[in-house]
Amino acid sequence: MKGFLKLENGEIFEGELSGNTDKEVYGEAVFFTGMTGYQEVMTDPSFNGQVVVFTYPLIGNYGINLTDNESKKPQPAALVMSECHKTGHHYACDKTVEKEAAEAGIPILTGLDTRALVKRIREHGDMGAVITTNPDKIDVASFTPIGERQLVADAAVKKVEIFGEGSHHVVLVDFGYKESMVTSLVEQGCKVTVVPYDMAEEEIHQLNPDGLLFSNGPGNPKQLNSFLPAYKRLAETYPTLGICLGHQLLALAFGGDTEKLRFGHRGANQPVQDLETKKVYITSQNHSYVVKENTLNESDFSILFKNINDGSIEGLVHNTLPIITVQFHPEAHPGPADSEEIFHKFMEQLRSKGRETAYA
Ligand SMILES: NC(=O)CC[C@H](N)C(=O)O
């Protein structure tokens, strides 16, 4: 069936629509540059509410398997790609991308010039977009933009979940966590208790954690402003790791500010430099917001990582407390193990109970 993507600036791209074709779908048009990793993108809750445009021209060639999902359901509002592979060739392939999307009610638009679309997004910035069969009727600007929506309530767990039996107890404050985060922690010898982002502080203390992980999640961190004082008190009490949205929230909680990039970082080869060791990591990323330069109190945090492409802040370390935060995804595997080191540092802090040993 013929379908269209209409951008907030009025531009229309025509393609072939499959999956959910019965209703209009609104989301934020963003692009992902990885050649692989589409299954992780489809199930990462941080993509909730987004129309994901894949720059790699063929998606779905190794299908969808039963082990690499990052959450229980596909998350983006819609998928846009040049071509979607019809079968998927891999010994572990369980179903096709089309089938996975159709079962989840997610439309896929193919057969359009994704290069032109991505260039447009790079010029204008991430924009609202609607996938529809009737673009003339649609006013994209009439939909509430992603930055004004509270997406975390939908993406995060509603009830406590427990994983692993390790001797270090990590409470993962959930905003829409990726399952690989739990896997990484369990592999490091942790028991992980996942709790809803709005769990009362007192209840978190009662769980008696050795450390906290503030997870990734969708949307604008400022939608969670009312929780920041509690997050600050918690981070001041336990060794803490913040990842992506978690990093942004901790920066806000300690008085910093965040801003939206013109177009986000979404891909598997974002170069990030550790400013102390000068070591460069090739990282997986998926974010629109960043911590704003010069807004952090220098007596609190030092900048630990920067993005080599655009110089944006990619990680922080507290100067006196055991708090590490990263904008990138240390749990992801764009190569074999990459930035897994971040989890090792966090574990060192847990083992020493972290009070006097800040990240070094
Ligand atoms: N992966 C994430 O946690 C994304 C954080 C936030 N939603 C952003 O887009 O910047």
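Placement of Cβ uses the backbone N, Cα and C atoms for every residue, glycine included.
TrEMBL annotations: computationally assigned, not manually curated.
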Inset, instruction - Name the residue, out of Ser18, Ser46, that TrEMBL lists for the same L-glutamine site as Gly217, Gly219, Leu245, Gln248, Asn286, Tyr289, please. - result: Ser46
Legend entry - C-beta crowding around Gln248 (L-glutamine binding site), within 10 angstroms: 29
Inset, instruction - For the recorded L-glutamine site, whose residues are Ser46, Gly217, Gly219, Leu245, Gln248, Asn286, Tyr289, find every other residue on that chain with a C-beta no more than 8 angstroms from the centre of their C-beta atoms, and list them by sequence position. - result: Phe175, Gly176, Asn216, Pro218, Pro221, Cys244, His287, Ser288
Inset, instruction - Name the secondary structure element type, per DSSP in three states, that contains Gly219 (L-glutamine binding site). - result: coil
